[in-house]
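J.: From TrEMBL, here are the annotated features:
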DOMAIN    41-290  domain 'G-protein coupled receptors family 1 profile'
TRANSMEM  25-48  transmembrane segment
TRANSMEM  60-82  transmembrane segment
TRANSMEM  102-120  transmembrane segment
TRANSMEM  140-158  transmembrane segment
TRANSMEM  197-221  transmembrane segment
TRANSMEM  242-260  transmembrane segment
TRANSMEM  272-292  transmembrane segment
Amino acid sequence: MKHTNESLPEDFILMGLTKYPWLDLPLFFVLLVSYMFTLLGNIAIILVSQLDSQLQSPMYFFLTNLSFLDLCFTTTTVPQMMFNLGGPNKNITHIGCMAQAYIFHWLGCTECVLLGIMALDRYVAVCKPLRYSVIMDHKLCLQLSNIAWLTGLANSLLQSTLTVQLPLCGNKVLDHFFCELPGLIKMSCGDTTVNEIILAVAATLLIMGPLSMILVSYIHIARAVFRIPSTSGRLKAFNTCSSHLLVVSLFYGPGIYIYIQPSGNGSQDLIKVLTLFYCVITPMANPFIYTLRNKEVIEAVRRFLRKAISSKRI
């Protein structure tokens, strides 16, 4: 333990997204624009879902949770990335690095579970429409939401605590653009077998578990949709479910490659790009995916904007 404490650096040096310094400024502005779109889009979803009386359903309750989660998710990483890209300082404090690792892992695990719960909600809505409001009452929605957040928190406390106890032997260069558990494990100079096994097992359970629930739910949903007699009814169900499926694909795809494969396999540059994809691109894209394919949300946004404009005129 004495050796471990002495080996902890005051700061970590983040290698960043690219090895070419001339790309720092363009990447800074790209991240700034994407971050602004993420903030505006997800805050709009939260406000509209909370303020519009026609969107008070379980689907929009979980969508609000997802938007809040995405806001926190991207805020955990993007400001630090822009700080490092905007100047010569590529450091992050040890405390800041550990906090970032804990929070990022918590939010990532929570989103895995939440996307599975949202698929279950779509299954009840499409396959049991007459009992939807009875089954998915507010109490159950709160319980399911709490399960997602607490599961992510418990896994993060376990994984991150095991990781921060690893000896670094003075190593302080992290080949990443933020502090993520797989990168921190690779920095260690000690035996990381237990950490790698626990990370792989937990990731498999938290990714493949909800993903299996999603697949089973959508098999039943597909059967139910094809039995809907009207074309408009089938189209409405398809639009609602396809938005969720697209979000699932954007989030789970990179996560499976990064966390389930054995440690040390795969290109670090590819891992950085995939990580950037699910921690920056996906949170920015989610509000547009749900609004562009959902007439209820589009109409709610229009009503919200009309009220805002009329109130300013008064």
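Cβ atoms here come from the backbone N, Cα and C positions, even for glycine.
From a predicted model like this one, the values you see are computed outputs, not experimental measurements.
Help me picture where these features are in the structure shown.
T.: Residues 17-18, 55, 63-64, 67-68, 70-71, 74, 78-79, 81-82, 85-86, 280-281, 283-284, 286-288, 290-291, 297, 300-301, 304 of the same chain sit 6 or more residues outside the transmembrane segment (25-48) yet have a Cβ under 8 Å from a Cβ within it.
Long-range neighbours of the transmembrane segment (60-82) within the same chain, counting only residues 6 or more positions beyond its ends whose Cβ lies under 8 Å from a Cβ of the stretch, are 17, 28, 31-32, 34-35, 38-39, 41-43, 45-46, 49-50, 92, 96, 100, 103-104, 107-108, 110-111, 114-115, 117-118, 121, 138, 141, 144-145, 148, 177-178, 247, 279-280, 282-284, 286-287, 290.
Within the chain, the transmembrane segment (102-120) has long-range Cβ neighbours (under 8 A, six or more residues past its boundaries) at 59, 62-63, 65-66, 69-70, 72-73, 76-77, 144-145, 147-149, 151-153, 155-157, 159-160, 178-181, 206-207, 209-211, 213-214, 217-218, 244, 247-248, 251-252, 255, 279.
Within the same chain, residues 58, 61-62, 65, 102-103, 105-114, 117, 120, 198, 202, 206 sit at least 6 positions outside the transmembrane segment (140-158) and bring their C-beta atoms closer than 8 Å to a C-beta of that stretch.
Counting same-chain residues at least six beyond the ends of the transmembrane segment (197-221), those with a Cβ under 8 angstroms from any Cβ of the stretch are 109, 112-113, 115-117, 119-120, 122-123, 126-127, 151, 155, 158-159, 162, 181-182, 185, 237, 241, 245, 248, 252, 255-256, 259-260, 262-263.
Away from its own ends, the transmembrane segment (242-260) comes close to residues 66, 108, 111-112, 115, 118-119, 122, 182, 199-200, 203-204, 207-208, 211, 214, 218, 266, 270-271, 274-275, 277-278, 281-282, 285-286, 289-290, 293-294 of its chain (Cβ-Cβ under 8 Å, at least six residues beyond either end).
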J.: Mind checking which residues reach the transmembrane segment (272-292)? Cβ under 8 Å, same chain, six or more beyond either end.
T.: 17, 31, 34-35, 37-38, 41-42, 44-45, 63, 66-67, 70-71, 73-74, 76-78, 104, 176-178, 180, 243, 246-247, 250-251, 253-255, 257-258, 298, 301
